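Chemist: Pulled the feature table from TrEMBL, pasting it below:
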ACT_SITE  E255  active site
ACT_SITE  C289  active site
COMPBIAS  1-23  compositional bias 'Low complexity'
DOMAIN    24-475  domain 'Aldehyde dehydrogenase'
REGION    1-36  region 'Disordered'
Amino acid sequence: MSITETSTTGQASAVSSATQSASPGETFDVLNPGSGEVVNTYPAAGPDEVRAVVERARLAAAWWRAQGTAGRTRVLKRWRSHLVNHADHLIDVVHNETGKPRGDAQLEVVLAVEHLAWATKHAPKVMKRRSVFPGLLMSNMAATLEYQPLGVIGVIGPWNYPVFTPMGSIAYALAAGNAVVFKPSEYTPGVGHWLSNSFAAACAQPVLQCVTGMGATGAALVDAKVDKIAFTGSTATGKRIMAAAAEHLTPVLMECGGKDAMLVDADADLEAAADAATWGAMSNAGQTCVGVERVYVHGDVYDEFVDRVVDKASALTVGSGDDAQIGPITMPKQIGIIAGHISDALDKGGRALLGGPGAVGERVVGPTVLVDVPDDSLAMTEETFGPTIVITRVASMDEAIERTNNSAFGLGSTVFSKARGAELAARIRSGMTAVNSVISFAAIAALPFGGIGDSGFGRIHGADGIREFTRAKSVARQRFAAPLALTSFDRTKKTDELVGKAIKLLHGRAG
Ligand code: NAD
C-alpha cells in the first residue's frame, strides 16, 4: 500500500498519522518537498517486525556492553570516520527528503559528528566507578557509584533535523553502552537507513538498527518493552508516547516543541541582533525547534531593529534551487498551519511588514515579519514552524522577561545585551539560552540540551546526556565492623542513645 494523500494545499504528501495502520508488507512513499517526485519507497514495520528487531538489539546490547569502553571507542571512532568520509552522500539524502539547502544539511551533519566525538571521548569518564564519601555515621563503609548502560534504547525522531536531532540521542546512548533501535520520521526514513547502514560498515553486530514506518511503527517500538524511549517531536505526540510508555513503566526522554523568544536590550549590538534574529527565525525555513519565533525589543531601539530585520529578510532567496537560502516546507500540512498563524495575527490587529498571506505558496513560504501582534494570537502562543518572526516593543527588559516566560513552552531562548546578558539569561524559564549569539548552545557538546514545560524533560548532549541513557549503580561495601551495630536486631538501647546524641551533635545546630 502506498501511504500518500492529497493535502489541503493540493500537494501529494507522505502522511503522518498516529492512527494509520502499518502491517508488515505495507510500504509508503517519500516525496521530495521541492519537486513532489517520489524519492524512495520504504516498508512500514508492524509490531511483530519491531519486536523481532528489539530482540536482536537485546543480544547486540549484551555484546556491545561486553566490549568495554575501549572496544566501543574503537567502533565509534570507525563509525565517525565513515560518517565524515561519506558525508556528501548523507547530505544528498537529507536534501532530497527534507528539501533543505545542502549547506544547512552539511551543518547538521557536522554538528552531529562533533557530538558523536564528544560522547565517545567523555562517556568512559562520566560512567566510571568512583568512590563517594559514606558520611560519618557510615564511616566503616566504602561507597562507590557507577553508571551502567540501560540496555536497548528506542529512539523516535522528527524530520526537521533528521541527522542532528536523533543523533543527540543515538550517539550518547551508544557511547553509554546501549544498543539502539531508531524509528526515523516517515518523512526522512532514508536518513535513518543511511545512519544504520553506515554503522554496519563500522560494526558487524546490529547495535544500531532502523525500523521505518508511520506513527504506528513508533507506537509498536514504545510497546516493545525497550529500556527507554528517547523521543523528539511534537508535544502532542510526546504526550501520547508517554501515556503508552506508562503501560510498561518504560522511562521516557521528551524533546518536544518550542516557542523560543529573543530579548533585545537597549544597549545591544543591533546589527548582530538583527542578523541572529533573521537567521534564527528563517534558516531551515523556520522549521527549527529552537528557532526564534518571538522577539521582545526595548522601545529605545525597536524601530531600528525592525528596519534591520526587514532589510535582511527581504534579501533572502526562497525556493528549491541550489542557491535558495529558504527551502521548501518539508511537511505539506505545515503550510496550512503557517498560513493560519499569519491570518490569525492579522485578523487580531497585527501587521505584516514583510510577507504575509501572499508569501504562502504551494511548496514554499517567503519570509514574513509581523508586528503589533496581540499576545493571545496563535503566532504568539503556538509553534509556527515557518520562516516567520513576530517582533514586539517592550518598555523594559523586565517586561520582556515576563512576556517571554508567559508561555507553556520553555526550550531555548536568546538574549542580546552588552551589560546584562548573564543576568537576563538566568531569569528566562527555558532549558537553554544563547547570549549575544543564536542557537549556539546546541553546537557546544558539553552543554545539556532540553526543555521544560510543554517542551519536554530530560537532556541530550553533555555529561547529563550520557547519564540519561544509564542507570546509577550504588554499592556500599563494609570495610570493618561498625563500633555501633545499626542494622542488626542485636542493636542495644545504649546504641540507640548514642545514635540520638550523635545526630544532635552532627545536625542539631541551625547555624
Ligand atoms: P511528530 O510528533 O509528528 O513525529 C515525531 C515522530 O513521532 C515521528 O517519527 C512519528 O512517526 C512518530 N510518532 C507519531 N505518532 C506516534 C505514536 N503514537 N507513537 C510513537 N511514535 C509516533 O513531530 P515531527 O513533525 O516529526 O517533528 C516536528 C516537531 O519536533 C516540532 O514540534 C519540533 O519543535 C519538534 N522538535 C523538537 C526538538 C527538540 O530537541 N526539542 C528537535 C527537533 C524537533
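Including glycine, each Cβ sits where the backbone N, Cα and C put it.
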Chemist: Between the Cα atoms of C289 (active site) and E255 (active site), find the distance and write it as a whole number of Å.
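Modeler: Just about 9 Å between their Cα atoms.
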Chemist: Measuring CB to CB from E255 (active site), give everything in the same chain under 8 Å that is also at least six residues away in sequence.
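Modeler: Set apart from E255 (active site) by at least 6 residues yet with Cβ under 8 Å, we have T165, G168, S169, A230, F231, T232, G233, C289, F449, G450, G451, S455, G456, G458, I460.
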Chemist: Just to confirm my parser: what is the rounded mean pLDDT across the domain 'Aldehyde dehydrogenase' (24-475)?
Modeler: 97
